Amino acid sequence: MALHKDSYVLLNDGNKMPVIGYGTYAPQKVPKSLAEEGTKVAIDVGYRHIDAAFMYQNEVEVGRAIREKIADGTVKREDLFYTGKLWSNFHTPERVRHGLEKSLEDLQLDYMDLFIIHTPFELKPGDDPFPVDENGKFLYHNTDLRDTWKAMEALKEAGLVKSIGVSNFNKTQLEWILSMPGLKYKPVCNQVECHLYLNQSKLLEFCKSKDIVLVGYSVLGSSRDENWIDQNSPVLLEDPVLNAIAKKHNRTPAQVAMRYQLQRGVVVLAKSFTPARIKQNFQLFDFQLNSEEMETLNGVDKNMRYLDLKPFADHPKYPFADEY
Ligand SMILES: NC(=O)c1ccc[n+]([C@@H]2O[C@H](COP(=O)([O-])OP(=O)(O)OC[C@H]3O[C@@H](n4cnc5c(N)ncnc54)[C@H](OP(=O)(O)O)[C@@H]3O)[C@@H](O)[C@H]2O)c1
């Protein structure tokens, strides 16, 4: 069926996820008020899927925007799909519910549509989201992810979240959960970096074979946050092949980069705090890439990750050392 602005994917637990999500992460120096303004614009122009996280420290603002758009009658709560994330120092089972409740309190919402484990690697439990030792080295912890998952299942059963999933998991880490004795609910999604330079074809195929939705982040090439991303990496939206196809369709490179993922069955997140771009990035339903263009864009892949999370590379659960 043709994609349209209200298209969704059916998750393996029966819930529905809109195919385009509004991303809200911005580098630390950017005022959080822009996430609030952006979320309101996004809802006004038609986005119904909003992606944020405890770690982004923006849930107060994003929650306020959501509640304002409900209060002014633009949307009902049940029209929206909100994704939050369990930060990495909340993996111990007794802290999982606490992690969710902190977010719900910031958001001033009663439930989340989707709650996902933000990263497979765990940091030392405590108040500091980035705990370090006296030499500045991150302090790790190593709870069995299956115990964390059981605590996530309990949140779904308690009605605090509608669906549960994971993020930044590799194939082996997904298999740990899928093969777990007594598994009640499979992850509905794996949210991972996915764009023209890292098209994740193998992980996408694996996820599809297990009825897990691949949700792509940094589809536009990321915000190039200097704290996390190599500033010498190529700028995705300047790619010549992408630009040539965009020109042919009289579209922007961002629209083609997003449409490419939608046609592959990837749910797409895109962040912008610029109202005109927020609107433009949602206008993806009145053009289509043909199979030759899709093939050409497949050929742009470089297996290149913007967010390689290298500071955690020596963690036993660092996800990006495996092929996929
Ligand atoms: N699970 C995870 O670990 C994880 C990791 C990263 C991201 N995410 C989620 O995924 C979302 C999206 O990923 P991302 O934030 O890394 O980056 P992204 O969406 O790939 O790119 C955002 C950047 O692209 C710019 N941009 C947006 N639309 C544009 C357009 N039409 N033309 C030119 N530039 C445009 C934005 O600038 P302006 O804002 O100035 O317009 C911003 O600098 C995040 O916000 C977050 O919600 C999750």
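Residue numbers in this text run from 1 along the chain shown.
Cβ coordinates are placed from backbone N, Cα and C, and glycine is handled just like the others.
According to TrEMBL, the domain 'NADP-dependent oxidoreductase' annotation covers 20-301. TrEMBL lists Y56 with the feature active site, proton donor. Residues or ranges marked as site 'Lowers pKa of active site Tyr' in TrEMBL: K85. The substrate binding site annotation in TrEMBL covers H118.
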Y56 (active site, proton donor) to K85 (site 'Lowers pKa of active site Tyr'): how many Å between their Cα atoms?
10
What count of other C-beta atoms do you get within 10 angstroms of the C-beta of the residue listed as 'substrate binding site', across all chains shown?
22
Reduce the DSSP letter at H118 (substrate binding site) to three states and note it down.
coil
Would you count the other CB atoms within 10 A of the CB of K85 (site 'Lowers pKa of active site Tyr'), including those on all shown protein chains?
27
State the Cα to Cα distance, in Å, between the residue listed as 'substrate binding site' and K85 (site 'Lowers pKa of active site Tyr'), rounded to an integer.
5
